[in-house]
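Per Swiss-Prot, the features are:
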- Arg110, Ser111, Ala112, Asn418, Asn534, His535, Tyr568: S-adenosyl-L-methionine binding site (BINDING)
- 230-569: domain 'SET' (DOMAIN)
- Cys295, Cys298, Cys317, Cys321: Zn(2+) 1 binding site (BINDING)
- Cys308, Cys311, His330, Cys334: Zn(2+) 2 binding site (BINDING)
Amino acid sequence: MALPVEEWRRSAARCWAALEPALRERLAAAPLGEALRMGCGLFGPEEAALQRLCRRARTGKEPAAARFYREEGNRQFGRCCYRDAVRLYSQAAAHEPPRSPEVALCFANRSAALFHLGHFEVCLEDIARAESHGYPDRLLPKVLLRKAECLLRLGRLQDATDTLTAVENKMAVDGIMTSPIHRMLLKKLSQLKTEIHEGSCPEPAREADGDVQRESEIWEENGSISGASSSLSLNFSTERGRHLVASQDILPGQNLLKEKAFVSVLCPGEGDSLLLQDSSETVWDTRVTNADLYCHHCLKQLLASIPCCGCSYAKYCSQNCADVAWEQYHRTECPLGALLLTLGVFFHVALRTVLLAGFSEVSRLVEWSRDDSNKDLCNAEAGGEHPSEALDTRAGRKVIPGCNDNGQYQSSYQAVFNLLPHVEKHSPEHKFLCMLSIVAICKKLQETGLEAAVLNGESSTTGSEQKTCGKTSDELSPELMIMAEAMLRHVLQLQCNAQAITVMQELESGDGAVVNKKPVRLATAFFPVLSLLNHSCSPNISVSFSGTAATVRASQPIPSGQEIFHCYGEEMLCCSSEACAFSVSRERLSQRLLDLQQQMEKALELLRDSKADEAIKMLLKCQIDARNFLSPEHLLMGELEDHLAQVYATLGKWQEAARHLGRSIQLVEMHHGPSSVEMGHELFKLAQILFNGFAVSEALSTIQRAEEILSVHCGPQSTQIQELQEMKTCLLELPRSILQRT
């Protein structure tokens, strides 16, 4: 959810409509700072409505929720659903107070589930966490035995021996134990000692490395654009604004840019399950969202999360990420969690941007932008009457907006600040909504006593110990007004400059013989250098992500002098490319299309419930319905073929699956092109089907095509390329007689 919840948007719209026409005109024409000053007085009557909406977004630590998730975790553990148990114990830990026996119990329970999943190193980390948070002394022998078994599985015999000695000493100090549980512990202790003595431990287990992409390509970095290849140059014109062009011929697959986001904020997920409907009955949600799956700081996929000490929302992959996030921004965001979820990701990004930049830098640039002598420099890209290059009168030379004093364009706050907000292109009503929302954030900072921390960057206590010694006032302090002006600028910038960080996420389906993945929006970010690329629905580059870092590669040959184009998504910008030259009104078909999509989703639910035959019947009916109002070339027709292929693959009917996927591939090629990343993902699925169906020659040729395409878009070290190479190796190792037959 990029923008606020619908109820707040409606509330702001009613407030705007009720204003006197003259005041609306003044607000519409006012500079950002002046609009905010007027908005402070208008926010008061709307504050209660926003507070009521914020109560639906539950981000505090609630003991009742902790009990619920822990009991659900125990239930899943009893069913041997260890992965679900890990997730539920993590949610329970997020609701427990830090350094308490209750949170220690969550970590200990989670360590047991991790042990059964074979994640022995992570299991050891959870055992250490349980001990450090005050795990009950009487229960310690059980987790110490688990620790010894992990060490044994990892081949660390001496450490395992030392741990068993500690267990023996502990049990001896506690005296004679005759209960069934104690007898079981003694039996386990004896068994582990025997295994160590006989040296019968298995080969040391290797933990999965995860989706780590290793870059081996050597390239020459650009001296003027941080993170960019020397094959690019930065140009400027009134028509195109700042843009990147090829300074030499570029080949497909060539790396053009490697940039870490200046700021990124995790998107909660498609379901927005943290935003509950008004209800007197408390219902805890067990659905999985991005907030449960990825680190809120580095965006690494989570296995055993570290919860924030102050809220139940933020989760991290390591204590280091938790500490860095706290020091840089989360100590301020933590008490504002419900408000930020209610207002949406764009406002969260705006706040985090100014927190990372710091008041000193924000103040410098806001004051600079207010200076009349710099208005041409700030607005040089707006088009019209401004010269093709802006003149920095202080330096006496022409510069491109966003560059530093040395003429370098860096991935810095100055570059972020100089991205165009396109104030004149936003409707007055939308600007009013954004202004009210920014005022709400700053008022909350003022009321909760966080203003000093925001302005001075001073360290503060943990979230559970935050002091609410703030003040209430209809006006913001001059310093907060500066921060508010910058935040409002950033929210308006995001409409055209936000970059979605996406990941390929596996979909739940069938027996796992064929891995079905789809791109999922993981986070919203500012990439100052990547934002130099103008939009086109026919881009000539592909962007892939690893954590918060973006890698840009050429997706086709780019001759010297040609502009580099990126597709930001159809909701962002108007586009003059050939792909967008014609638009068809779908208003009359929208409801029918929505009904069809809902039926397709029901079919996939049947597949997830192992009702493949029923899923096929429903999908075939969807096909008949679709043919009545969609063209044969519509992308949804391809999705139907893709889903049918998925169901037949689950049933092991590989030829049928390949036939349906082949039809899907034809439509993907028609819409996205034969060398598109979408084509690469479809060929990857076809390769899996042909591999499982033992169609060796077809599988090998499909693997080669998929490799050629995906290596261009994702790099030669991506996970999918490695899986394709493993399939190829397996097929080539088959006996020659089998290869000749197939």
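Here, residue 1 is simply the first one shown, and the rest follow in order.
Heads up, the Cβ atoms here are built off N, Cα and C, so glycines get one too.
All features noted in Swiss-Prot, drawn onto the structure.
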residue : record                               : contacts (Cβ under 8 Å, 6+ apart)
Arg110  : S-adenosyl-L-methionine binding site : Gly73, Ala85, Val86, Tyr89, Ser90, Ala93, Asp126, Ala304
Ser111  : S-adenosyl-L-methionine binding site : Cys123, Leu124, Asp126, Ile127, Ala130, Val143, Arg146
Cys295  : Zn(2+) 1 binding site                : Gln301, Leu302, Ser305, Lys315, Tyr316, Cys317, Ser318, Cys321
Cys298  : Zn(2+) 1 binding site                : Cys317, Cys321, Gly547, Thr548
Asn534  : S-adenosyl-L-methionine binding site : Arg240, Gly241, His243, Glu563, Phe565, His566
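Each residue in the domain 'SET' (230-569) has a pLDDT score, and their mean in this model is 82. Around the Cβ of His330 (Zn(2+) 2 binding site), the number of neighbouring Cβ atoms within 10 Å comes to 24. Non-local neighbourhood of Ala112 (S-adenosyl-L-methionine binding site): Phe77, Arg146, each in the same chain, at least six residues away, with C-beta under 8 Å from its C-beta. Its own atom aside, the Cβ of Cys308 (Zn(2+) 2 binding site) has 27 Cβ atoms within 10 angstroms in the protein chains shown. Rounded to the nearest whole angstrom, the C-alpha distance between Tyr568 (S-adenosyl-L-methionine binding site) and His330 (Zn(2+) 2 binding site) is 28. Here the CA atom of Asn418 (S-adenosyl-L-methionine binding site) lies 28 Å from the CA atom of Cys334 (Zn(2+) 2 binding site). Taking the C-alpha positions, the distance from Asn418 (S-adenosyl-L-methionine binding site) to Cys308 (Zn(2+) 2 binding site) comes to 33 Å.
Over all protein chains present, the Cβ of Cys317 (Zn(2+) 1 binding site) has 21 other Cβ atoms lying within 10 Å.
Taking the binding-site residues Cys311, Cys321, Cys334 in turn, the residue surrounded by the fewest other Cβ atoms inside 10 Å of its Cβ turns out to be Cys321. Cβ contacts within 10 Å of Tyr568 (S-adenosyl-L-methionine binding site), excluding its own Cβ and spanning all protein chains shown: 22.
Distance noted between the C-alpha atoms of His535 (S-adenosyl-L-methionine binding site) and His330 (Zn(2+) 2 binding site) is 33 Å. Least packed by the Cβ count within 10 Å, out of the binding-site residues Asn418, His535, is His535.
Classification of His535 (S-adenosyl-L-methionine binding site) by DSSP places it within a strand.
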